[in-house]
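Listed in Swiss-Prot:
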- 10, 11, 12, 13, 14, 15, 16, 17: GTP 1 binding site (BINDING)
- 35, 36, 37, 38, 39: GTP 2 binding site (BINDING)
- 56, 57, 58, 59: GTP 3 binding site (BINDING)
- 120, 121, 122, 123, 149, 150, 151: GTP binding site (BINDING)
- 3-169: domain 'FeoB-type G' (DOMAIN)
- 282-302: transmembrane segment (TRANSMEM)
- 309-329: transmembrane segment (TRANSMEM)
- 344-366: transmembrane segment (TRANSMEM)
- 383-403: transmembrane segment (TRANSMEM)
- 427-447: transmembrane segment (TRANSMEM)
- 453-473: transmembrane segment (TRANSMEM)
- 518-538: transmembrane segment (TRANSMEM)
- 664-684: transmembrane segment (TRANSMEM)
- 691-711: transmembrane segment (TRANSMEM)
- 722-742: transmembrane segment (TRANSMEM)
C-alpha cells in the first residue's frame, strides 16, 4: 500500500475533530508542533490503496496573518501547508455556514495543492432547510466535494474512496482580481525562489499585498520589492488588502447563489430557544454554576460507584496477588514487602482515581462537543472584560477543570500577548481532575453530609482566586483593555458516542500514564525512606524514620494553616504534590497506612483471587444500584467514601492527625492554590518564560498560605485569640506590601511572551515526543 500524508484543516466548530476521530479511531498520537507547545495530533487509517497519516491542523478561519500578535494556530496551519509535507488536504466545511467557510477553501484552492472538500454537518443544514447542490459546488470549485455527517459516520467510505482517486485540482479560475493586483503579484512572483511552483508564488504575492506578514518568510528577495509594489498599487486603488478580500467574497457570494439557498435558510429553532435561557443576562451565570456542580457531582457519584472495581480489584491483583507469589516462591520478606507495598501499593493508588477522573473528562468532552462550552465563554464575557480580557479567554480556563496543562497551552488562541500571559497566570487556580481526587478523599473523611458543598466551594474558590489574580495583574503590572470579543456560537447537537469515548480515552490515558509513573516511583521511594532512620538503621516504627525526622523540622512552618507537628505526613504530601497533585493521595495513603499497620500477617493459604475479584464486582454492582438513590444524590461524596469505619484504616489516621474539619479544609485550600505541578510549571515556562514561571509559583504560594492561614485562624480564633490575631495581621500586612511592590514594578515589567519571539517557521516539523506536556 502506498503511504500518504493528509492535512485536515477547517474552521473552528466545523466538526473537524469529530471527523478526525471517525477516521483514525484510537490510532492517534499526540505531541507538540516543534518549538511551541500547541498540540499536534496525528492519526493512522487505511483506505483500499493507501496507508494514511492524518495530521489534524489547528482550526482557523483563513491563512492570512495580519499581525504578529495573532493566534499561533493560524500561523501553524499556514506554515504546514506551505511546507509541502502534505500530499493532500481535506478541508472540512460546515454546510450550515457555507459562505463563511468557503473563504478558507478559496485560499487553499488558489495554492494549487490537491484538495478534497468534506462538506460536513449536512444534518444541521437540512434542519435549517438549507439545500446544497453537491455536484454544482464540486464543478465550481474544481475539486471533489464529499457530503458528510461525521457525528453519524455518514460519508466516511465515500471520503476514503475520494482519497484513493485524488489528483490535482482542475484548473478553474475562481477569483477575479483586479488587473493591477495580478500584475504586481506576478512581478513579485518572478523574484521568488524558483523551486516554488508558479501558482504558489502568485498566491504568496497576493498574500503579501494583502498584508500577510508570514508569507514574506517564503518570498525571498520579493519581500524587498513589496513596498514599491504597494506604492504603485495605491496610485490606482485605495486599499489593496480590501480589494483582495472583496474579490474573494464576491466569488463566494456567486458560488452560494448558484449551489445553495442559504438566503432563505431558517435558523435552528431549538438552538434559538435554548440560547434565550442559557445566554440570559440573569440566568446565564446560575446555569453555568449548576452545570459545573453537575459535572463534579456525576464524576463523584458515578465514578465513586465504579471505584470498588478498581480499588478492591487492584488490591487483589497487585497487593495480595504479589504477596501470594512472594510467599509461594519463597522470596525474601523485604522483597515481598517492597513489591507488594511499593509497586503494588502505587498501582492501587492510581487505579481507583480512574473512574472519577474519567467521568470528569467524559463530561467535559460532552460540553465541548454539544456546543455549550462556547456559551460559557459568552456568559463569562462581562466578567472577563472587567479583568481586561476577552470572553474567549475563559474557554482555556474551563479546560483547566480537566488538567491545567492544556489550559495553559490553550492561551495560545488569544491574540494579544498581555491577554495570553494573564490567562496563563490565572490557569493554575482552576481545580484540575487530580485535585478532585484529593477533595473526594478528604470530603469522605471530614465533611459527611456537607461533602458535596465542601467540594463545590473549593471549585468556586479556585475560580474566584483566578479572577482576583486577573484583577491584581490588571491594576498592577498588566494594565490595558481587552480586545473586542467575537466568537462563533455553534448550533447545539448531540455529540457522537464514538467521538466522546475517543476524546475521553486520550485524556484519561495521558493522565494515568503521567500520574502512574510518578505515583509508583514516589510510593517506592517513600516506602524505602520510611524503613530507615537518618543513621541508616532499619526502623520498625515509621515515626523513627528519616522521612519523619526531616518532615518534623519543616512542619512548624505550616502550623498557621492547621498542620500540627505530629501530622508530618501532611507536609510530605505537599512536597510530593508539587511533582503532581495526584501524588498527594498516594503519599498520604502510604504514610497513614504505614502508621496504622496491623499485626495480622498475610496468610497465603487463605488467599483466593477469584473470591476477591468477585467481591469487587459485587460491591461495584451494589454501588451502581444505589448511585441514584435520593440520599446519594443529596450527598454524592458518600458514593466514593470507600472506608466506612473512620476509626480504622488510613482515613481514620488522617482524621485523628488533622483533628478538625477546619484544619482539613484549610489544608485543601492550600493544596488548591499553591504551586502547580511540574508539568504545568514546564508549560508556563515554555509559553512565557522562566521568570513568569517563577512569578506564578511565588504568587501561588503567597495566596495559598495567606488564604489558608486566614481561614484556619478565623475558624479557630476562640482557641488562641492572640496567636490568631497576630497571624491574621501579619498576612494582611505582607500582602499590602506585595501589592505595593507590584504597582511600583509596573514600568519595569516586560509582558512580551517568550513564545511570540520564536520563529514560527519551525512549527511545521513534528515533535519527536509523544507527550503533549
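Keep in mind that glycine also has a Cβ here, set from the backbone N, Cα and C atoms.
Swiss-Prot feature annotations superimposed on the structure.
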residue : record             : DSSP (3 states)
10      : GTP 1 binding site : strand
15      : GTP 1 binding site : coil
56      : GTP 3 binding site : strand
120     : GTP binding site   : strand
149     : GTP binding site   : strand
Looking only at residues six or more beyond either end of the transmembrane segment (664-684), which have a C-beta under 8 A from one in the stretch?
37, 404-405, 408-409, 424, 427-429, 431, 434-435, 438-439, 442, 445-447, 454, 458, 461-462, 465, 514, 558, 561-563, 570, 574, 577-581, 584, 658, 692-693, 696-697, 700-701, 703-705, 707-709, 711-712, 715, 773
Considering pairs 6 or more residues apart, do the transmembrane segment (344-366) and the transmembrane segment (691-711) have at least three CB pairs under 8 Å?
no
Residues within 8 Å of the 10, 11, 12, 13, 14, 15, 16, 17 Cβ centre (excluding the GTP 1 site residues themselves)
59, 92, 94, 120
Range from 383-403, 453-473, 722-742 with the greatest count of C-beta pairs under 8 A to the transmembrane segment (282-302)
453-473
Between residue 12 (GTP 1 binding site) and residue 121 (GTP binding site), find the distance joining the two CA atoms and give it rounded to the nearest Å.
13
If we skip the immediate neighbours and take only residues 6+ beyond the ends of the transmembrane segment (453-473), which ones have a Cβ under 8 Å from one of its Cβ atoms?
289, 292-293, 296, 300, 383-384, 386-389, 397, 401, 422, 425-427, 429-431, 435-436, 439-440, 442-443, 446-447, 637, 665, 668-669, 672-673, 699, 703, 707, 739, 742
Length of the line joining the Cα atoms of residue 56 (GTP 3 binding site) and residue 17 (GTP 1 binding site), in Å
8
Please give the sequence-distant neighbours of the transmembrane segment (383-403): residues at least 6 beyond its ends with Cβ less than 8 Å from one of its Cβ atoms.
292, 295, 360-361, 364, 367, 373-374, 376-377, 409-411, 413-414, 418-419, 422-423, 426-428, 430-434, 459, 463, 466-467, 470-471, 474, 478-485, 487, 507, 510-511
Checking the binding-site residues 58, 59, 120, 121, 123, 149, which are within 10 Å of residue 14 (GTP 1 binding site) at the Cα level?
59, 120, 121
So which binding-site residues are near residue 120 (GTP binding site), with CA atoms within 10 Å, out of 15, 16, 57, 58, 59?
15, 16
Same chain, outside the transmembrane segment (691-711) by at least 6, Cβ under 8 Å from its Cβ: which residues?
421, 424-425, 428-429, 465, 469, 560-562, 662, 665-667, 669-670, 672-676, 681, 684-685, 727-728, 731, 734-735, 738
The binding-site residues listed are 11, 15, 150; by CA-CA distance, the one closest to residue 58 (GTP 3 binding site) is 11
The answer for the transmembrane segment (309-329), taking Cβ pairs under 8 Å and residues 6+ beyond its ends, is 335-336, 339-341, 343-345, 347-348, 351-352, 354-355, 602, 604, 607, 609, 612-613, 615-617, 619-620, 642
Whole-number Å distance separating the Cα atoms of residue 151 (GTP binding site) and residue 10 (GTP 1 binding site) is 16
If you measure between the CA atoms of residue 59 (GTP 3 binding site) and residue 122 (GTP binding site) and round to the nearest Å, you get 19
Measure from the CA atom of residue 122 (GTP binding site) to the CA atom of residue 16 (GTP 1 binding site) and give the result in Å, rounded to a whole number.
14
Which one of these binding-site residues has the most other Cβ atoms within 10 Å of its own Cβ: 12, 15, 58, 59?
15
I'd like to confirm something. Which of the binding-site residues, 13, 15, 17, 57, has a Cα closest to the Cα of residue 150 (GTP binding site)?
15
